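Annotated in Swiss-Prot:
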- 1-10: topological domain 'Cytoplasmic' (TOPO_DOM)
- 32-64: topological domain 'Extracellular' (TOPO_DOM)
- 86-101: topological domain 'Cytoplasmic' (TOPO_DOM)
- 123-148: topological domain 'Extracellular' (TOPO_DOM)
- 170-297: topological domain 'Cytoplasmic' (TOPO_DOM)
- 11-31: transmembrane segment (TRANSMEM)
- 65-85: transmembrane segment (TRANSMEM)
- 102-122: transmembrane segment (TRANSMEM)
- 149-169: transmembrane segment (TRANSMEM)
């Protein structure tokens with residue numbers, strides 16, 4: 001369990017950082033509030049009118065989106081942490097689990113990282129408009145300086161959470177790409193070995209059949225694979241020698257069993273000779289013959 005934790009420690013720490021940073025940005029945005037006073041010039045009034053307003057995240061739709069995105073990222077990071085800790089304590093070989101779980105983690109991490117990046121970009125734009133203003137938007141930070149200062153901290157935390165989420169997504173994509181590469185390499189290697197084996201079998205099976213006809217009941221050294229050319233250090237050749245021997249043995253047995261044996265041959269039985277008793281029953285006695293030939297009195 002400790003070895004698995006050491007291997008996945010970076011991923012766990014990044015998920016933990018993304019969760020805490022996004023949660024902190026969410027709490028700061030939701031709890032941030034300030035009451036401000038500003039003057040309004042009314043036509044016909046000699047003095048401006050003071051108005052009171054409360055700044056919070058519900059006044060701007062962009063802040064609502066920012067708070068919702070930070071909540072989603074924090075919840076997703078907590079869910080992934082729970083799954084990772086459960087796999088560690090259960091002794092699973094990998095935090096990502098199988099291929100399906102790896103794909104789900106990859107898609108979820110990419111979605112969370114892009115959502116966090118979009119929320120951070122929206123918050124940065126709102127902070128710039130609040131500080132600098134626009135032709136149709138006044139700089140509200142002159143009236144709500146404390147609110148803008150605290151919101152700037154939330155923007156920084158959002159960008160840090162985005163960085164952690166992007167690193168998590170990159171690690172997930174690396175694991176997924178590594179698994180896919182290993183699977184493709186294994187398939188390619190298996191295809192190459194099968195092709196070599198098929199070519200060798202086409203050349204070796206006739207020799208085995210011929211030798212099986214000549215030496216049905218004698219054991220001989222298995223033939224070397226044709227592609228080895230006498231090299232005994234080839235790993236593939238060494239692994240295939242036992243396969244050639246087993247193949248020769250099975251083919252020899254098949255050839256031996258295919259030939260009809262004396263027991264299996266159907267020999268017609270010899271013609272039956274009548275016994276002495278049967279002969280006596282068939283041949284009439286002399287007295288009976290005489291009685292049959294004597295005329296009636």
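Glycine is treated like the rest: Cβ placed from N, Cα and C.
Taking every listed stretch (11-31, 65-85, 102-122) in turn, the largest tally of C-beta pairs under 8 A with the transmembrane segment (149-169) is reached by 11-31. Here the transmembrane segment (102-122) has Cβ contacts under 8 Å with residues 18, 22, 62, 65-66, 69-70, 72-73, 76-77, 80, 96, 155, 158-159, 161-162, 165-166, 168-169, 172-173, 175-176, 179 of the same chain, all six or more residues outside its ends. Note on the topological domain 'Extracellular' (123-148): DSSP counts are 17 helix, 2 strand, 7 coil.
Per-residue pLDDT, averaged across the topological domain 'Extracellular' (32-64), gives 78. Within its own chain, the topological domain 'Extracellular' (123-148) is flanked in space by residues 32-34, 36-38, 53, 55, 60, 62-63, 66, 154-155, 158-159, which lie at least six positions past its ends and keep a Cβ under 8 Å from the stretch.
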